[in-house]
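Peer 1: Have a look at the structure that comes next, please.
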Amino acid sequence: MVKLAKAGKNQGDPKKMAPPPKEVEEDSEDEEMSEDEEDDSSGEEVVIPQKKGKKAAATSAKKVVVSPTKKVAVATPAKKAAVTPGKKAAATPAKKTVTPAKAVTTPGKKGATPGKALVATPGKKGAAIPAKGAKNGKNAKKEDSDEEEEDDSEEDEDDDEDEDEDEDEIEPAAMKAAAAAPASEDEDDEDDEDDEDEDDDEEDDSEEEAMETTPAKGKKAAKVVPVKAKNVAEDEDEEEDDEDEDDDDDDDDDDEDDEDEDDEEEEEEEEEEPVKEAPGKRKKEMAKQKAAPEAKKQKVEGTEPTTAFNLFVGNLNFNKSAPELKTGISDVFAKNDLAVVDVRIGMTRKFGYVDFESAEDLEKALELTGLKVFGNEIKLEKPKGKDSKKERDARTLLAKNLPYKVTQDELKEVFEDAAEIRLVSKDGKSKGIAYIEFKTEADAEKTFEEKQGTEIDGRSISLYYTGEKGQNQDYRGGKNSTWSGESKTLVLSNLSYSATEETLQEVFEKATFIKVPQNQNGKSKGYAFIEFASFEDAKEALNSCNKREIEGRAIRLELQGPRGSPNARSQPSKTLFVKGLSEDTTEETLKESFDGSVRARIVTDRETGSSKGFGFVDFNSEEDAKAAKEAMEDGEIDGNKVTLDWAKPKGEGGFGGRGGGRGGFGGRGGGRGGRGGFGGRGRGGFGGRGGFRGGRGGGGDHKPQGKKTKFE
């Protein structure tokens with residue numbers, strides 16, 4: 001290559017060029033223009049003044065790709081082109097610059113590829129720097145790689161500076177739309193040649209890549225494939241390949257980089273299109289999502305029943321179609337002289353609904369058994385509506401104090417009008433409880449009045465309403481369901497752990513219900529509930545049996561107060577405070593002593609670890625805590641009589657809070673300890689933990705004076 005002067009001497013006044021885009025070309029005496037290229041050329045030529053008659057070798061540009069946002073500007077009048085003194089200046093073919101409105105081609109010399117358009121830097125004096133590593137023609141000399149790298153770096157700087165000129169250059173070109181048509185035809189012919197000769201990239205360096213120009217006003221850049229040079233002498237190409245083998249390697253690397261950039265630009269343009277379509281797709285998807293719930297709601301074809309007398313039909317053969325199932329169901333009922341108004345099949349075809357004309361037909365249909373439709377024995381029952389649970393509760397009774405060995409058949413003999421009987425059991429063992437459901441609420445009320453206190457295998461049963469009716473009953477309610485200040489239930493405490501319900505039944509002969517709470521191991525918790533048919537019976541038992549000895553222990557009896565009774569102690573909570581404990585009492589023993597308790601904690605000395613004689617017992621609900629408190633009032637645990645009280649709720653200074661306060665003379669920590677006690681929220685152990693915090697807070701500058709209370 002010809003080494004171009006980077007800081008040439010000041011040249012004569014340059015010749016001003018016509019409005020861009022135009023090409024710069026020098027006359028070449030030694031090169032000939034091919035006829036095809038002369039036909040293709042449509043741009044204007046500007047001759048750069050030559051100095052000292054020296055001829056510079058023609059430079060050829062390698063492939064270049066310009067991003068849509070980057071424009072290439074030809075030399076402007078402010079730019080002075082300089083050639084190396086002492087050498088003959090040769091024509092430097094300019095690379096064809098294409099705009100959406102006008103295409104300009106530049107004739108190239110024979111044996112040389114068209115050069116890249118000279119890039120001008122406004123206001124900068126010096127030699128015009130050609131594009132990336134140009135190759136010499138027939139008279140070109142090979143240059144060192146260092147000089148080539150310097151040329152590339154300066155060219156990159158010029159390219160960056162020319163970005164500001166792009167908009168001014170594009171607009172004049174857009175006004176000449178008349179010249180665009182011929183150029184476009186030539187470009188189409190040359191595009192075909194480009195496609196055929198893609199495999200000759202390494203041998204033919206005269207090939208140029210597509211240049212993209214961005215139209216003004218933000219329009220999408222049009223891609224135009226420039227013309228490939230024609231009629232290049234093969235012998236000269238081979239000579240150039242031998243001479244510039246090293247340059248080809250560098251050019252190929254640069255070409256690959258340019259191609260990668262072009263591919264990235266195309267990918268960005270392709271990615272923009274789906275983004276525009278996304279809103280529409282989202283709307284369609286949202287519409288589908290909105291429609292989905294409606295489809296889910298419609299589980300049955302024609303969900304609206306035609307009559308008020310409906311029957312649920314289950315276990316249908318879902319392998320059949322809905323019309324087939326409708327016909328089959330209608331035929332089955334028609335054979336039994338039942339007229340079907342309509343049949344509605346579920347979407348899964350596993351169930352359906354049948355509408356009848358009258359309640360009589362519906363009742364007759366419910367009495368049918370063993371009906372088969374397409375080989376499946378269908379299930380018939382009344383449909384379950386929104387209020388079905390409420391209705392079932394109103395016509396259902398709870399029977400308690402049943403013999404543990406009683407069966408459904410035996411109960412069926414007692415409750416003749418019962419529609420369904422469900423025995424309650426746990427781990428395979430009966431709990432002496434059953435639910436008796438009737439067809440109507442009137443039947444349930446009638447049975448409640450007539451069968452209350454009926455004996456079964458020597459045990460007097462107790463009946464209760466379920467649902468809303470049962471909420472108005474006494475805790476151990478009976479026939480008189482509302483509280484009138486006269487309880488019918490006795491709470492028995494200090495009961496021997498070996499005592500059973502059968503043992504108590506022998507003592508309290510008039511009792512209608514007896515319950516001895518047991519722990520997980522089946523061991524008695526030391527208290528019981530004894531219910532009578534009337535307040536008089538309960539009061540009589542209280543007066544005659546209180547402090548009576550049963551299996552070696554003197555029992556204590558008291559009337560049970562109702563939930564929310566004015567006689568109940570104020571501010572109940574879920575936690576009981578228990579004091580008077582033996583030092584030998586463990587947390588497990590304390591927990592087992594209270595029916596329904598979920599955990600228990602005993603407060604211990606932080607230094608010795610021995611019990612302080614009090615603790616806390618937690619329950620799931622206030623009701624459970626109340627019942628346990630009444631049962632264990634003045635009771636004994638491990639031989640010690642205990643005293644019960646409600647644990648103070650948060651904000652009222654629980655016992656643990658006081659412990660924390662005493663331990664926290666260390667300042668702030670002590671205060672935190674007190675609040676920790678309040679945080680016990682009646683759960684005892686947490687209050688003790690507050691005391692522990694008080695001790696820790698007391699540390700620091702002073703020796704802790706509180707005692708650590710450790711739980712769990």
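Each residue, glycine too, has its Cβ placed from N, Cα and C.
As listed in Swiss-Prot for this protein:
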COMPBIAS  275-302  compositional bias 'Basic and acidic residues'
COMPBIAS  699-712  compositional bias 'Basic and acidic residues'
CROSSLNK  Lys299  SUMO1 cross-link
CROSSLNK  Lys326  SUMO1 cross-link
CROSSLNK  Lys591  SUMO1 cross-link
MOD_RES   Lys9  N6-acetyllysine
MOD_RES   Ser28  phosphoserine
MOD_RES   Thr106  phosphothreonine
MOD_RES   Thr113  phosphothreonine
MOD_RES   Ser145  phosphoserine
MOD_RES   Lys320  N6-acetyllysine
MOD_RES   Lys379  N6-acetyllysine
MOD_RES   Lys446  N6-acetyllysine
MOD_RES   Lys579  N6-acetyllysine
MOD_RES   Arg672  asymmetric dimethylarginine
MOD_RES   Arg696  asymmetric dimethylarginine
MOD_RES   Arg696  omega-N-methylarginine
REPEAT    58-65  repeat '1'
REPEAT    75-82  repeat '2'
REPEAT    120-127  repeat '7'
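Show me how these features fit into the structure around them.
Peer 2: Counting every protein chain shown, 19 other Cβ atoms lie within 10 Å of the Cβ of Lys326 (SUMO1 cross-link). In three-state terms derived from DSSP, Lys326 (SUMO1 cross-link) belongs to a helical segment.
For the recorded site, Lys591 (SUMO1 cross-link), the DSSP three-state label reads helix. The Cβ of Lys591 (SUMO1 cross-link) lies under 8 Å from the Cβ of Ser597, Arg599, Ala600, Val617, each of these being in the same chain and 6 or more residues away along the sequence.
Taking Cβ-Cβ distances under 8 Å and a sequence gap of 6 or more within the same chain, the neighbours of Lys320 (N6-acetyllysine) are Gly328, Arg349, Phe374.
The DSSP secondary structure for Lys379 (N6-acetyllysine) is strand. Taking all protein chains in view, 12 other C-beta atoms sit within 10 angstroms of the C-beta of Lys379 (N6-acetyllysine).
Of all the Cβ atoms in the protein chains shown, 13 others lie within 10 Å of the Cβ of Lys446 (N6-acetyllysine).
Lys579 (N6-acetyllysine) is surrounded by 15 other CB atoms, counting those within 10 A of its CB over all protein chains shown.
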Peer 1: Consider the recorded positions Lys326, Lys379, Lys446 and say which one has the Cα lying nearest the Cα of Lys579 (N6-acetyllysine).
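Peer 2: Minimum Cα distance from Lys579 (N6-acetyllysine) across Lys326, Lys379, Lys446 lands on Lys446.
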Peer 1: Just to confirm my parser: what is the rounded mean pLDDT across the repeat '1' (58-65)?
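Peer 2: Averaged over the repeat '1' (58-65), the predicted model reaches a pLDDT of 40.
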Peer 1: Can you see whether DSSP assigns Lys579 (N6-acetyllysine) to helix, strand or coil?
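Peer 2: Where Lys579 (N6-acetyllysine) sits, the three-state DSSP reduction gives strand.
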Peer 1: Please report the Cα separation of Lys326 (SUMO1 cross-link) and Lys379 (N6-acetyllysine) in Å, rounded to an integer.
Peer 2: 15
